[in-house]
Amino acid sequence: MAAIINQRVDQGESSMGGAKPTLLHKIAGHVARINDVILLSKDEGVWTASDDRSVRLYLKRDNDQFWPSIHHFMPVAPTCLFYSEETYKLLVGLINGNVYEFNVADDFNSMTESRKWTCHAGPISGLGFALSSELIFSCSRDKSIVWHCSENSNKVGSYLLENSCTAMVIDLPFVFVGDHGGHVTVLRIIDNQPNLVSKLSAHTNSITSLTWDGNKKVLYSGSSDHLIIMWDIGGGKGEAYELNGHNGKVTTLCAAPAAKRLFSADEHGKLMCWDMDVRRVETPEWKTSDCCQKCNQPFFWNLQAMWQRKVVGLRQHHCRTCGSAVCGSCCDNWTTYPPMGYETKVRICNDCAGRMKENPGNFDLTPLAIPHEIRTGITAMHLQETLGLLVTSGQNRVVMIWDVRSVCSAPSGSGGH
């Protein structure tokens, strides 16, 4: 029987206390999957892009309900949106690789097409606008990143990846692009020309979402491998910290830099709020061995040792806290370990379990994240941190607006990584 370390932490409050997101509004009416949502900060409104080819702007009316103020149909399904509240310009990326720009009326009752670009040969997977340099960025499943001048519409640069682009964030001069192979490419744009800085590789499946904390210079990547990785770009040490709290594909991420929080959501409807103002520990690399590193029993592929000892080979496991390659008998303990990002129970070896039991004061198991079940898979999410509002779209085609002020303002744990 597997041993459970410190069962009491299941009922304990997190480092942020007992705060939870509060549902404020539901917006129904879509007949197809919602691919993107944007929450306005200056007005009470939500942009949506749907597989039914529609781009809609919902505004809050006097009766406290949201109704579509703009309902525009695109030639094909829109895949992503970017909206500038300063310029009232809306960018719409389509499944056929085109990007449209619209001027939105200041009364939010209409939008007028101003131009379009045939940028890519595949679906648009990311859009961005750098106001300071007047550049519009787009990336696509066709493996390319392209940037145009917003003043004259001319293409000024491009870059080709080895895999399909799946997500992008911009903080010039840097551009971060996630791809289908699980890599994050870091580019520096100098005089409109791309320079490869590095390729971040740790995920085992495609990147689904990226978000950037400009205050701490930290990049977060979410993936189909259920994992979130925090890349400390500004630290200069190449440190990366794993966040394990999802049991399905992570679909979208939103950083709250001022509150030092990270919001993540997955395909099963689990919404997580992570405390990023705590000291975290890097996960160890998994060690390789042909025999259990605790009892020396051979693993099932070690045929020579199995034949010599006349024993049946064992399945290999790894201790999540020390990385040792061990057999099932030597790794029969389960525990959370939030400082290493493990918010759900993971397997650890008997030695690590013994140390935790003997010295519980050295292993703080207080949860460092708040889970919240939405009960429908999340397809898109957007945060307005200054308002303390979060918007999500679900697989049930319902848009939800959440009050997350209590989560963002809750006291955190000890600072630092």
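Backbone N, Cα and C define each Cβ position, glycine as well.
If you look up Swiss-Prot, you'll see CYS292, CYS295, CYS327, CYS330 marked as Zn(2+) 1 binding site. The Cβ neighbour count for CYS327 (Zn(2+) 1 binding site), using a 10 Å radius and every protein chain shown, is 22.
According to Swiss-Prot, the feature Zn(2+) 2 binding site maps to CYS319, CYS322, CYS349, CYS352, an assignment based on sequence analysis. Proximity of CYS352 (Zn(2+) 2 binding site) to non-local residues of its own chain (separation of 6 or more, Cβ distance below 8 Å) is seen for CYS319, THR321, CYS322, ASN333, given in sequence order.
Tertiary proximity for the repeat 'WD 1' (29-68) is limited to same-chain residues at least six positions away from its ends with a CB under 8 Å from its CB atoms, namely 74-83, 85, 90, 92, 104, 108, 111, 379-384, 386-387, 389-395, 397-399, 401. Here Swiss-Prot flags 29-68 as repeat 'WD 1'.
The predicted model assigns the repeat 'WD 2' (119-157) a mean pLDDT of 94. Here Swiss-Prot flags 119-157 as repeat 'WD 2'.
Swiss-Prot lists 202-241 with the feature repeat 'WD 3', giving sequence analysis as the kind of evidence. Secondary structure by DSSP for the repeat 'WD 3' (202-241): 0 helix, 20 strand, 20 coil.
Residues annotated as repeat 'WD 4' in Swiss-Prot, with sequence analysis given as evidence: 245-284.
Listed by sequence, the residues of this chain that lie at least six past the ends of the repeat 'WD 5' (373-412) yet keep a Cβ under 8 A from its Cβ atoms are 15-17, 19-28, 30-41, 46, 48, 50, 58, 66, 248, 251-261, 263, 265-271, 273, 275, 277-278. Per Swiss-Prot, repeat 'WD 5' is recorded for 373-412.
Taken from Swiss-Prot, the feature zinc finger applies to 286-357, supported by sequence analysis. Note: the zinc finger (286-357) comprises 21 helix, 20 strand, 31 coil (DSSP; helix = H, G, I, strand = E, B).
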With the Zn(2+) 1 site defined by CYS292, CYS295, CYS327, CYS330, which remaining residues of that chain have Cβ atoms positioned within 8 Å of the Cβ centroid?
CYS291, GLN293, LYS294, ASN296, GLN297, LEU314, VAL326, GLY328, SER329, CYS331
Residue pair CYS327 (Zn(2+) 1 binding site), CYS349 (Zn(2+) 2 binding site) - Cα distance, angstrom, rounded:
9
Distance check, please: Cα of CYS292 (Zn(2+) 1 binding site) against Cα of CYS349 (Zn(2+) 2 binding site), rounded to an integer number of angstrom.
11
Would you mind listing the long-range same-chain contacts of the repeat 'WD 3' (202-241), meaning Cβ under 8 Å and 6+ residues beyond its ends?
166-169, 171, 174, 176-184, 186, 247-255, 257-258, 260, 262, 264, 266, 274, 276, 280-283, 341, 417
Same chain, not part of CYS319, CYS322, CYS349, CYS352: whose C-beta falls within 8 angstroms of the C-beta centre of the Zn(2+) 2 site? Give them in sequence order.
ARG320, THR321, GLY323, SER324, VAL326, CYS331, ILE348, ASN350, ASP351, ALA353
